[in-house]
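Novice: Mind having a look at this structure? Questions to follow.
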Ligand code: SAH
Ligand code: SF4
Ligand code: F3S
C-alpha cells in the first residue's frame, strides 16, 4: 500500500498524524508525498473554524473525481470526522474510512475491512500507545492529555475530542526518554488545556502530579528546552509560573489565550475568568519569569461585541504588551451554544476589527523584537533557510530567527546568537562564542551568498 497523509489543524493533529503514520508503516505501508503516487489518501481534519472545513470539502471533491478514474481508498480522520457535519460530507464524497480523534488506533482494522469503516468512540487505550520519535528531528511534540472539559460557547473542540483524559506520567516520561535517545533537544507538551493536567477524575484517582509538578519532572529529564501549549487561564496556577521561573530547561515562553478584553464578552464566551483575574495571572508570570515572551489567542467579532468591547481588547493588549498573538474572526460552528443562541455580526464589522487588531499586534511585535537587537539569544537552528547560505530556527521565545552560515555554523543544533536586526516577524543574527563575542567570518563557499550583505535583502 502507498499511503499519503494530509494534515490540517493544530499541533495535536500533527502529533496524531505521526501516530497514525507510524501505525501504517508498521503494517508495511510506504508513505508517499503526493496524492498522485498514493492508493490510500488519509486527511487529518480540523473543525475549529469554517475555513479548514471548507478546505476538506474541496479536497474530498477532488478525491471523489479521482476515485472514479482509478482504485483509491479515501480516509478522513480527526476532529471533523467526529462531527455530524463531517459524517455527512463523508457520505456525500464516498469516504471509505472515517476515524474520530479517539479511535485512531482502529486504522489497522479499518484497512482490513472490505467495507466502509467508521470508528467514532473515545478510547482510552490511545494513551498507552507511544509513537516512535521523529527521525532526525531536534524538535518533538508530546501529547500529555486529550480532550477538554471546558465549554467555551464558541468552541467545537469538546465535542470533537471528548472529555479530558490525562496521560500517565510514566507514559509521558517513557516517550520523552525515547525522544531524547533519538536526539531531540526541544519538546513541546501538548493538550487543549495543559494547566488542567491531572485534575480529571481518572488522573486524580491514579494520583497523577499537577501540571507544575509534571513540568518540573520533564525539566529535569535532561532535555535542553521544554515548551507547552495551550493554557486556559482558568486552570492557571502561580505554581506553573514558579516552575517555569526556577527550571532552566523550561523556556521563558507562555501562550495564554485571553480571547477578549471585555468582561461582558468573556461572560458570553463562558471563559470562567474576567479581565482582572487574567491580569493577575500575567502579573504572576512576569514576576516569576522576568524575560517572559507572551503570546495569546484573540477572537474578534464575537456575537454582540460592541465597539467599546473591542476597545477593551485593544487596551488589554497594551496593558499586557504581548510579543505576538494568534487572531481570529469569530466563526460560527454548528453544534456550539453561540451558534445556536447568538446572531453573527456582519462580516465587514468583523474584518475591520481584525485589521485594527493586527495593526496593534504588529506595533507591539516590532517594539518587542527591536528590543532584542544586541541581546544574545539561544537559537535552535533546524536547517537551511530559503537561501541555503542561511540557517533558520527559533529562540526560546519562539521568534523565527535566521543566521548566516558564514559565521561558523554548519548544521542544525542549538547555538548562541547575537541579534543584529529585527522585523515584527523575524530576528537576524550571528553566532557568538561563550563570551558573547562574534565568531570570525569564514570564507564563503557560495559566491552568490557573498553578494548578500544583509539577510534582510532576501525578503
Ligand atoms: N484549547 C485552547 C484552544 C484551542 S482552539 C485554549 O482554550 O486555549 C485555538 C483557538 O482557536 C482558540 O484559542 C480560539 O482563539 C480560536 N477559536 C476556537 N473556536 C473558534 C471559533 N468558533 N471562531 C474563531 N476562533 C475560534
Ligand atoms: Fe475550546 Fe475552551 Fe476547551 Fe479551549 S478551553 S478547547 S477554547 S472549549
Ligand atoms: Fe482543529 Fe481539532 Fe485542533 S478542531 S484546532 S484539529 S483540536
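Using N, Cα and C of the backbone, Cβ positions are placed for all residues, glycine too.
Grabbed the feature section from TrEMBL, which reads as follows:
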- 10, 46, 79: [4Fe-4S] cluster 1 binding site (BINDING)
- 148, 152, 155: [4Fe-4S] cluster 2 binding site (BINDING)
- 1-116: domain 'MTTase N-terminal' (DOMAIN)
- 134-367: domain 'Radical SAM core' (DOMAIN)
Novice: Across all the protein chains here, work out how many other Cβ atoms are within 10 Å of the Cβ of residue 148 ([4Fe-4S] cluster 2 binding site).
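Specialist: Excluding its own Cβ, residue 148 ([4Fe-4S] cluster 2 binding site) sees 21 Cβ atoms within 10 Å.
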Novice: Mind telling me which of the binding-site residues 46, 79, 152, 155 has the densest Cβ neighbourhood, counting other Cβ atoms within 10 Å?
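Specialist: Top count of Cβ atoms within 10 Å goes to 79.
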Novice: Which of these binding-site residues (10, 46, 79, 148, 152, 155) have a C-beta closer than 6 Å to some atom of ligand 3?
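Specialist: Passing the 6 Å Cβ check against ligand 3: 10, 46, 79.
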Novice: Tell me which binding-site residues (10, 46, 79) have a Cβ under 6 A from ligand 2; sequence order is fine.
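Specialist: Qualifying residues: none.
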Novice: Compute the C-alpha separation of residue 152 ([4Fe-4S] cluster 2 binding site) from residue 10 ([4Fe-4S] cluster 1 binding site), stating it in Å without decimals.
Specialist: 18
Novice: For the domain 'Radical SAM core' (134-367), what's the model's average pLDDT?
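Specialist: Averaging the confidence scores along the domain 'Radical SAM core' (134-367) gives 97.
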Novice: For ligand 1, which among the binding-site residues 46, 79, 155 have a CB under 6 Å from it?
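Specialist: Listed by sequence, the hits are 155.
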Novice: For the domain 'MTTase N-terminal' (1-116), give the DSSP counts of helix residues, strand residues and coil residues.
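Specialist: Per DSSP, the residues of the domain 'MTTase N-terminal' (1-116) fall into 57 helix, 23 strand, 36 coil.
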Novice: Cβ-Cβ under 8 Å from residue 10 ([4Fe-4S] cluster 1 binding site), same chain, 6 or more residues apart: which ones?
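Specialist: Correct list: 46, 48.
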Novice: Give me the Cα-Cα distance between residue 79 ([4Fe-4S] cluster 1 binding site) and residue 155 ([4Fe-4S] cluster 2 binding site), rounded to a whole Å.
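Specialist: Taking the Cα atoms only, residue 79 ([4Fe-4S] cluster 1 binding site) lies 12 Å from residue 155 ([4Fe-4S] cluster 2 binding site).
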